[in-house]
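Engineer: Handing you a structure now.
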Amino acid sequence: MANVTLVTGFLLMGFSNIQKLRILYGVLFLLIYLAALMSNLLIITLITLDVKLQTPMYFFLKNLSFLDVFLVSVPIPKFIVNNLTHNNSISILGCAFQLLLMTSFSAGEIFILTAMSYDRYVAICCPLNYEVIMNTGVCVLMASVSWAIGGLFGTAYTAGTFSMPFCGSSVIPQFFCDVPSLLRISCSETLMVIYAGIGVGACLSISCFICIVISYIYIFSTVLKIPTTKGQSKAFSTCFPHLTVFTVFIITAYFVYLKPPSNSPSVIDRLLSVIYTVMPPVFNPVTYSLRNNDMKCALIRLLQKTYGQEAYFI
């Protein structure tokens, strides 16, 4: 170890070293980032301002939108600036901060999605007691615990990762700091701390997954007992968006954080990282709003308040 030079900063490789392509990637990701930002902020605004959306389901959806905004805002602006300024460097502190926020918000999303599945379970399987069970205090507590556990996990995960020394190459073959890339340049002889963190993350994800699966088993068995097709369709329409969002998020998160690191990162690794960081914030608003009449009506009401009756013709 005496002749090993310790790393004092990192270089984020990104997707290309060609100047024109870097600018193209920067502009493309800027447009995607703005789309994710505006769509999620619109959902937050509608749920906050519209009285008819003051329900547990939309309360959790607003929390999910906040997490999406924060999650996409951690790596993408830095990537855009790097491409437009041709500067790939990031300090160790900046890398640690990026990893802390991304793991915290990602873990928070998993727990919020789990809380949303429980909300759907109570709404469909226990409709008469829904308002009693899912009261304001319970909803706030579930959301607070989700954010808190996410923050604690992110802190522990990041502390474990940066307790290791880094030496040799300072190049991170990604557009943001992720654990698999950092493991490749670690010169620590033991990785028990970080693998313990990965194990805890896997256990938390699997626990949430099991809770959601159990919730949907009860939900589907209840929905199939509804005598009318219209009633079944309405019940399923509130569940499928959540199930789709969770499936996409948990699969991409697994491939980014929990898969064993390879010696040579592939294009697929970077593509999965893009899907994981960009797809949920862009995909979630579309999934939850495209066939959601409540959200459409709330948007019309907001436009009417802002522009008058002409909003009917927009």
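Every residue, even glycine, has its Cβ placed from backbone N, Cα and C.
The disulfide bond annotation in Swiss-Prot covers Cys95-Cys177 and is backed by sequence analysis. The N-linked glycosylation site annotation in Swiss-Prot covers Asn3, Asn83, and the record cites sequence analysis as its basis. If you look up Swiss-Prot, you'll see 1-26, 77-91, 158-193, 259-267 marked as topological domain 'Extracellular'. Taken from Swiss-Prot, the feature topological domain 'Cytoplasmic' applies to 48-55, 113-136, 215-237, 291-314, supported by sequence analysis. The transmembrane segment annotation in Swiss-Prot covers 27-47, 56-76, 92-112, 137-157, 194-214, 238-258, 268-290.
Where in this structure would I find these features, and how exposed are they?
Structural biologist: Counting only same-chain residues at least 6 apart in sequence, those with a Cβ under 8 Å from the Cβ of Cys177 (disulfide bond) are Phe10, Leu12, Ile90, Cys95, Ala96, Gln98, Leu99.
Over all protein chains present, the Cβ of Asn83 (N-linked glycosylation site) has 25 other Cβ atoms lying within 10 Å.
Same-chain neighbours of the topological domain 'Cytoplasmic' (48-55): 62, 294-295, 297-298, 301-302, counting only residues six or more beyond its ends whose CB sits under 8 Å from a CB of the stretch.
Break the topological domain 'Extracellular' (77-91) down by DSSP state and the numbers are 9 helix, 3 strand, 3 coil.
Long-range contacts of the topological domain 'Cytoplasmic' (113-136) within the same chain: residues 56-57, 60-61, 64, 142-143, 146, 208, 211-212, 215-216, 218-219, 222-223, 235, 238-239, 242, 245-246, 249, each at least 6 residues beyond the stretch ends and with a Cβ under 8 Å from a Cβ of the stretch.
Model confidence over the topological domain 'Extracellular' (158-193) stands at 77, taken as the mean pLDDT rounded to a whole number.
Non-local neighbours of the topological domain 'Cytoplasmic' (215-237) in the same chain are 117-118, 120-121, 124-125, 243, 291; each lies 6+ residues outside the stretch with a CB under 8 Å from one of its CB atoms.
Sequence-distant contacts of the transmembrane segment (27-47) (same chain, at least 6 residues past either end, Cβ-Cβ under 8 Å): 53-54, 58-59, 61-62, 65-66, 68-69, 72-73, 76-77, 79-80, 83, 278, 281-282, 284-286, 288-289, 295, 298-299, 302.
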Engineer: When you check the transmembrane segment (137-157) against the transmembrane segment (268-290), do you get at least 3 Cβ pairs under 8 Å, counting only pairs 6 or more apart in sequence?
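Structural biologist: No, the transmembrane segment (137-157) does not contact the transmembrane segment (268-290).
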Engineer: Establish whether the number of Cβ pairs under 8 Å between the transmembrane segment (268-290) and the transmembrane segment (56-76) reaches at least three, counting only pairs separated by 6 or more residues.
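Structural biologist: Yes, these stretches are in contact.
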Engineer: Can you tell me how the residues of the topological domain 'Cytoplasmic' (113-136) break down into helix, strand and coil by DSSP?
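Structural biologist: For that range the per-state counts are 21 helix, 0 strand, 3 coil.
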Engineer: Give me the DSSP three-state residue breakdown of the topological domain 'Cytoplasmic' (215-237), ordered helix, strand, coil.
Structural biologist: 18 helix, 0 strand, 5 coil
Engineer: With every protein chain in view, what's the tally of Cβ atoms within 10 Å of the Cβ of Cys95 (disulfide bond), excluding that atom itself?
Structural biologist: 24
Engineer: When secondary structure is assigned with DSSP, how many helix, strand and coil residues does the topological domain 'Extracellular' (158-193) contain?
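Structural biologist: The breakdown for the topological domain 'Extracellular' (158-193) reads 12 helix, 5 strand, 19 coil.
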